[in-house]
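*Asks:* Copying in the features that TrEMBL gives for the protein in this structure:
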- 49-68: transmembrane segment (TRANSMEM)
- 80-102: transmembrane segment (TRANSMEM)
- 122-144: transmembrane segment (TRANSMEM)
- 156-178: transmembrane segment (TRANSMEM)
- 190-209: transmembrane segment (TRANSMEM)
- 221-243: transmembrane segment (TRANSMEM)
- 255-277: transmembrane segment (TRANSMEM)
- 289-314: transmembrane segment (TRANSMEM)
- 350-371: transmembrane segment (TRANSMEM)
Amino acid sequence: MLKTAPVPVPAAAAVPLTPTGDFIETWDDKPAAPMPAVELTKMNLFQRYLSLWVLMAMVAGILLGYYVPSVPTALDKATVHGISIPIAVFLWGMILPMMLQIDFHSVVAVVKAPTPIVVCSIINYAIQPFTMYAISLLFFKVFFDSYLGQEKSDGYVIGAVLLGGAPCTAMVFVWSVLMNGNAAYTLAQVAVNDILLIILYVPTVKLLASASNIDMPWDTLLYSVGLFILVPLVVAVVTRQSLNDRGMQWLQTKVIPLLDTLSMAFLLLMVVLIFISQAATITQNWVDILIIAIPLTVQTVLIWGVTYAAALYFKLPFDVAGPASLIACSNFFEMAVAIAVSVYGTGSPATLATVVGVLIEVPVMLVLVAINNKTQHKFTPGHIQLQ
């Protein structure tokens with residue numbers, strides 16, 4: 001049963017996080033490991049202006065692909081079993097740092113106060129994929145069908161489904177700290193998300209693709225999830241388990257911040273490569289990016305509203321409700337891009353839709369963070385009592 005206690009947090013329920021006196025709650029009496037550096041420094045330059053960097057990377061890719069046609073030709077040859085080697089390297093560089101930040105031991109503590117995790121997980125996997133599918137059908141197959149044509153409308157629907165089936169993992173830590181969120185619960189929710197993702201993602205997106213008679217091969221889908229999600233997850237878990245306390249401190253304070261910065265660079269390089277292949281399509285159909293952005297934004301705001309209302313209904317404290325609403329409405333766009341590239345190729349409409357998801361996420365999330373912070377007085381005062 002969920003319990004709340006008045007703030008401030010009693011000294012016995014918190015441990016120092018940094019020399020400046022910051023605290024985070026822990027699930028038990030054991031000292032808490034330092035949170036990833038991205039949380040302590042708020043948003044770095046890459047994160048704060050991610051949409052601008054992505055837009056610049058898109059333009060660079062389009063110019064390269066349009067004016068230097070030998071580049072996309074060379075990239076098309078750098079493949080193994082249909083998977084682009086450069087993009088595979090960049091995707092691993094993006095996803096592995098996220099996995100290294102997750103402590104799966106925190107999942108055990110969920111049973112002590114399960115309500116926020118259960119509410120958010122139900123919205124993530126029982127509601128969000130299906131509302132994304134419905135909204136994308138409405139816009140791509142009804143409102144803009146005559147403009148897009150069947151091939152592009154089908155591809156954009158699949159791209160939206162790939163985004164909607166995967167709740168956010170990496171940027172969650174940033175959104176949480178911007179709302180002074182409960183760090184322990186944020187980590188636990190991310191860990192639960194990744195476990196459910198491995199189990200539910202493939203059957204969910206396959207079901208929705210089949211509902212519209214859109215081809216999505218099982219073998220390629222499973223292979224892609226295994227290569228880009230399961231394998232990095234196993235590597236991360238083994239790495240964390242093999243480290244002692246000193247090694248874990250080094251991982252959290254030195255390695256992960258460095259990898260986080262590199263992961264942003266890998267993301268931008270991957271966007272450049274994708275838009276090299278998309279150059280001909282975009283120069284002729286740049287309006288498509290605006291069309292794709294509309295339903296993705298509508299979906300984000302809708303799911304945020306559903307989670308926000310659910311948090312009020314269940315009387316969740318703001319330090320949990322705020323991050324939960326952002327976890328539910330944002331997407332694991334890195335994985336969606338990886339699957340789209342592997343299954344449909346870099347030049348596909350599905351891949352373009354997932355990349356537009358990257359473009360709109362940061363500005364929309366920052367607006368929702370601001371709304372959450374301005375309305376936090378509406379939530380139950382206190383914090384989650386974990387003991």
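Note that Cβ sites are derived from N, Cα and C of the backbone, with glycine treated the same way.
The model shown is predicted, which means the values in this text are computed figures rather than measured ones.
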*Asks:* Pairs of Cβ atoms less than 8 Å apart decide it: which stretch in 80-102, 255-277, 289-314, 350-371 has the most with the transmembrane segment (190-209)?
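*Replies:* The listed stretch sharing the most Cβ pairs with the transmembrane segment (190-209) is 80-102.
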*Asks:* In the same chain, who gets a Cβ under 8 Å from the transmembrane segment (49-68) while lying at least 6 residues past its ends?
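*Replies:* Distant contacts of the transmembrane segment (49-68): 264, 267-269, 271-280, 282-283, 355, 358-363.
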*Asks:* Among 80-102, 156-178, 289-314, 350-371, which stretch has the highest count of C-beta pairs below 8 Å with the transmembrane segment (221-243)?
*Replies:* 80-102
*Asks:* Pairs of Cβ atoms less than 8 Å apart decide it: which stretch in 80-102, 122-144, 289-314 has the most with the transmembrane segment (255-277)?
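*Replies:* Between the candidates 80-102, 122-144, 289-314, the best contact partner of the transmembrane segment (255-277) is 80-102.
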*Asks:* Tally Cβ pairs under 8 Å between the transmembrane segment (122-144) and each listed stretch (80-102, 156-178, 350-371), then give the stretch with the top tally.
*Replies:* 156-178
